[in-house]
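Colleague: Just passing along the structure, written as structure tokens.
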């Protein structure tokens, strides 16, 4: 197969259909207006403590405060409270969730909650105080920005949604005022909006309506490196026309107005679905480094475009230390890390255990975990790419040598597959289970009930039930109602 070719001339890029024309040396008139306003130094400045001020396009006007407040109330509903007050609200919310969970354990399937464990806050297990986030503002290392009609009706507005598709009242509001988003992310989003508004191609608001430009993902690390991922619906464009669009957005962020974002890497993904993995539709590197790196718990960690990594890096360190303490791993145990992402939990505890086994669905994340292990000289880790429900049963059978296994599970919000729960329940070597959830209800509740219920042959839950011993709330999401809950189960 021949690779698609871009046609170049001395004056710029062109396509046979004339979809878009961009001249790096001398931008056309419709770009000069925006170029001038973005390069003459007429910027608004907003700087958080400890962060450098970033330049912003002057054409971005102020949004009506009512829109800003409405968005802040939806995305960061606790933003008006002091952080101390936020922690009190969150702790009370976690207690309510845990009391509801305890009542489910008592009612469903005849589960009886043991009173052998230490008790606190009126619960039959130990609830620890909430662990605060070391960083309160601008803590997100990954943000996803949507494209849709703004309050002024412009369909090329980049921000966050207000409203619902069901009620057909979706409005896209710029999000640079949100307290949890770093200024760098807002800067890249605003320049993406500049790019969209000078592009003759329409945004893809709904797949059946046509259009092309879709969401923007921005990832950053603690060193200030920035990865941007542009999502694009190809519709009926030819490979030649797609190549022109890729070159155009690349030029915009290298030599055009977007150069001020100082991107470390820019990716482009052609996607005909709401979400596509790298395997379904590859992330195409337009320029820069293919990965972003982070320093965490003494490790240098590699992160690919679609790999899962906790969005609050400093908070993640607190979370992983908590997991390590609760797990009780030692040189005689195997650590089984299910839904391991880039493998940081297992890698950070590898020196304390005999072996680490990690399972992760996203192949790129597994490659990251293997790279991180090799770079940091960790040799007792094995990582497997694929669905946990297919890999785990066979993996556990291969480890039936009497050695104790400590399992750590950090599933997506959909919870664990029932076959994963069965495999954990039926493996006698697993006596300690650490379960992490940012959504401790819904499917997570079902998972926990099945882990703790009496043996049930109909459900193929044959092993001894687990007992909930401790719960630790860890705040990774200041200004929001969300919190990570770390559960310790033993049997």
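Heads up, the Cβ atoms here are built off N, Cα and C, so glycines get one too.
When I checked TrEMBL for this same protein, it listed these features:
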| type | residues | note |
| --- | --- | --- |
| ACT_SITE | 438 | active site, nucleophile |
| BINDING | 310, 360, 410 | S-adenosyl-L-methionine binding site |
| DOMAIN | 330-407 | domain 'Methyltransferase' |
Colleague: Please list, in sequence order, the residues in the chain of residue 310 (S-adenosyl-L-methionine binding site) that are at least six apart in sequence and whose C-beta is under 8 Å away from its C-beta.
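Modeller: Set apart from residue 310 (S-adenosyl-L-methionine binding site) by at least 6 residues yet with Cβ under 8 Å, we have 316, 319, 476.
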Colleague: Would you mind splitting the domain 'Methyltransferase' (330-407) into helix, strand and coil residue counts from DSSP?
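Modeller: DSSP classes over the domain 'Methyltransferase' (330-407) add up to 32 helix, 21 strand, 25 coil.
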Colleague: Quiz question: given the binding-site residues 360, 410, which has the greatest number of C-beta atoms lying within 10 angstroms of its own C-beta?
Modeller: 360
Colleague: For the residue listed as 'active site, nucleophile', which residues in the same chain are close in space, meaning a Cβ under 8 Å from its Cβ, but six or more apart along the sequence?
Modeller: 413, 476, 477, 482, 483, 484, 485
Colleague: Using the centroid of the Cβ atoms of 310, 360, 410 as reference, list every other same-chain residue with Cβ within 8 Å of it (recorded S-adenosyl-L-methionine site), in sequence order.
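Modeller: Here the nearby residues are 308, 309, 339, 340, 341, 342, 344, 345.
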Colleague: With the S-adenosyl-L-methionine site defined by the record as 310, 360, 410, how many Å span the farthest pair of C-alpha atoms?
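Modeller: Value for the max Cα separation, rounded to a whole number: 15 Å.
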